[in-house]
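Peer 1: Structure provided below as structure tokens; questions to follow.
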Amino acid sequence: MFTIRLISYVSLLAFITPAYTQNLVNSDHHNDTEATLSDIVDFNRNSTVVLQSSSNEFSNLPQLRDALNIFDISYLAKQWFNIQKDVSLNCSKDIYKYLNALNNSSIWALKMDDASGHYTSGFFYGNNYWMGSMSLCKAIHHAVGHDRGKIAVRSAGLPFSKDNDGYSYPSIYNDNPPFMPGFFIIKIFFNETYPMKVTRTIYAGVCLPSTCNLVDVKQLFRKAQKQLDNRQVRVIDVRMPTNQKFNLYEDRTFWILAVDEKIEGIKLSKFIDFSIVSAIVFILILSGTMYEIYVSKRFKEVLRQQDKEMMNNSETSSGIGCASSDYGDTVTRESLKKESLKDLQIVLNLPKDRENCEVSNDNPNTSSDEYLEGHLHESDKLSVYSELLLSFSVITNFKAICDHNVGADTLASIHGLRAFSMFWVILGHTCIVVFKYSDNMEMRKDVERNFLFQAITNGPFSVDTFFFISGCLVSYLYFRTNAKGKLNKLAKGSSNEWTRCAAHFFGLIVYRFMRLTGPYMFVLGVVQVTMKYLAATSIFEPPTLDHLTCPHYWWRNMLYINTLFPVEQMCMLWSWYLANDTQFYIIGAIILIIGVRHFQLSAITTCAFLIVSWIVTAIVAFTNNHRPDTDDPLALFDKIYDKPWTRLGPYLIGMAVGWTLFRTNCKIRLPRMAVVTAWALTMVNLLVLVFGLYRAELSQFTAALYSSLSHSAWALSLAWITIACSTGYGGFVNTLLSAPCVYPFSRVTYCAYLVHPIVIRSMALNADAPMHLGGDTMVIMFFGFVVASYLLSFVVSMSFEAPVVTMLKILSPSRKKRLA
């Protein structure tokens, strides 16, 4: 020990007194050892004297723990007899019992104090949640009785008594408090003027007798803190999650949601029975799946019977020398078996575009149904009701979603853009939510200064990708579908031209409404029930008030107009994209229908909408002094972020790209230098938009210009990527975006967008304590949210989206009856 101290002292001397150390090193080792040790002892004694003499100088050190001690139960106990009259009688009695038990060191009282939240550390790094443990507070009280008591204490992880087992524990661990503990969440305004000079909103959890009401807790909180001149502490709100008994089976929304609203004098009553709807859908899925299995077996039996009859006919005809006829029948039979037994797509799979189902060698307009119709009996044709039932089959829908093939007239690269953009959206929403419920919120400021984190900060561009894809597909598929005879029919005549256009327009709108609204409204109901539960039971405040807004304003979502109202009244905040996309679809449908006969008028209208969108966005950004280089991307959510007139650009640019690809039939010849230049400009533009604001300082005018044009600039880069990948200039980018493995993810993107915030919020709000975030934690949570969101979206898609799409195609006037 002496040797270790000696080495330590020598090291200390080496840093503090280099001259003295140098003399010590140069001294004679044999003659001066005793003197050296004496000097070291003298140095140690002198240093101690210095420290002792200077200790009085630090008597005024600020104690951070004292400054942040805002609920001191011992301070409350000291003045209890003076303040007990300020609370209700029952609360006063139980608080006295609690304080007396603490004074006697009763275990249950110590556990209540331990379950209450206190300042620990990390205040300057964003620890605003001093929650304690609601689980411990609820586990303190257990049912009276030997067996049930043991179970309850065991569930809390505490020792429990056993009879005749050789183990004995103090019976005090099994003591019950004389009242039921309750856990309260106190929202506190905290303002410290010295020495920290900070203003925060703090959430503190306290475990107190449940007989105390919210007003009592406010009084107790004010009396349980020392009054300091340099701080201001005020109660904003008090909640009691343990007292809000939320029973899912007693919730009206879960069973029958009856909403009475008056809109322009018309009383609307909506009864959505989610339990019954789910039960009916489950029965239909089960019935459709079983019926598909039956039809598959029956279809194979029909083919085997026809094969046997054709073999008999071949033997008869060969007797009269009709070899060519026999050979023709054999080819037909084998072709029929190959077409039918290989995939059963004709009979069972989701109806695809008829343009993609051409198999006849002679007539390119002959579909597979027509090919088989001459070989199957009339009794083998499926009725409309049978086809509708088959649309709910899990086998059919699962194969359709996971199919690695796409139609010949499909833009394959769109699948990759859609899937990767959805991953980007989930990543952005993960960061937004989990940062809100972390005990190191200041970490966000640190990571936002990281260059690579700009890819997450600028995540809103992912939604512009969705708008671009929607506009591109609407335009491309509209012209592609109507090019085969329907455009001429639509434009024929002058007297009834506008009537036909109007009918066509309303047909498009109704189809889209039926296509999107089913899964949308179901998920909206799930959001309302889920957020009711989380708001009643979670120790955290929900990020949005969906449990309050959805019962009153659901009809705005159903009409896709919720972005035209204040964000405080919005149900399903992330549904703003669906509202904007539907509004853009209406504008796009009008432009497309006009463009059939009046292309120049349609082009002028598109340019006018685009320019007006830029001007309005610039004016709004300038007047509100929006600074995209420093402001949070969601800072002006209600004025810029979610408003349709600020997001229209990418959709219109997508429409132009769709028309271009249709007009050129995806065949464009470009010089090699032009292709290289276009790819270089595209990459530079994307990198500038994502990383260009890093440590940038924009003037007010430049910031407004950036807010106005950045979304359209992003869409221009996507325009080249889509055109290049569709015309053979995509290279490895096209290989990545068109990889078959992304097709299933792309097909359920709509449902994934609807459900992924539920997954993220459920995880965050069900926690018993705030999360401590780190890079690895964020990455793991992100991948977990992706997996959970897509698993849930597959279920929702196969239950509500795919059947609706199939039924709409079955009920379409241009449908052809499937066969069995």
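The backbone N, Cα and C atoms fix where each Cβ goes, and this holds for glycine too.
Because TrEMBL annotations are produced automatically, they should be read as predictions rather than curated entries.
Pulled these features from TrEMBL for this protein:
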- 1-21: signal peptide (SIGNAL)
- 88-242: domain 'Nose resistant-to-fluoxetine protein N-terminal' (DOMAIN)
- 274-294: transmembrane segment (TRANSMEM)
- 419-438: transmembrane segment (TRANSMEM)
- 458-479: transmembrane segment (TRANSMEM)
- 574-596: transmembrane segment (TRANSMEM)
- 603-624: transmembrane segment (TRANSMEM)
- 644-662: transmembrane segment (TRANSMEM)
- 674-694: transmembrane segment (TRANSMEM)
- 714-736: transmembrane segment (TRANSMEM)
- 748-767: transmembrane segment (TRANSMEM)
- 779-808: transmembrane segment (TRANSMEM)
Peer 1: Have the transmembrane segment (419-438) and the transmembrane segment (644-662) got at least three CB pairs under 8 Å, pairs 6 or more apart in sequence?
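Peer 2: No, the transmembrane segment (419-438) does not contact the transmembrane segment (644-662).
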Peer 1: Under 8 Å for C-beta pairs, could you tell me which stretch among 574-596, 644-662, 674-694 has the largest tally with the transmembrane segment (714-736)?
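Peer 2: Answer is 644-662, with the largest number of Cβ pairs below 8 Å.
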Peer 1: Most CB pairs under 8 Å with the transmembrane segment (458-479): which of 274-294, 574-596, 644-662, 674-694?
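Peer 2: By Cβ pairs under 8 Å, 644-662 leads among 274-294, 574-596, 644-662, 674-694.
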Peer 1: Tell me, roughly as an integer, the mean pLDDT over the domain 'Nose resistant-to-fluoxetine protein N-terminal' (88-242).
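Peer 2: Averaged over the domain 'Nose resistant-to-fluoxetine protein N-terminal' (88-242), the predicted model reaches a pLDDT of 79.
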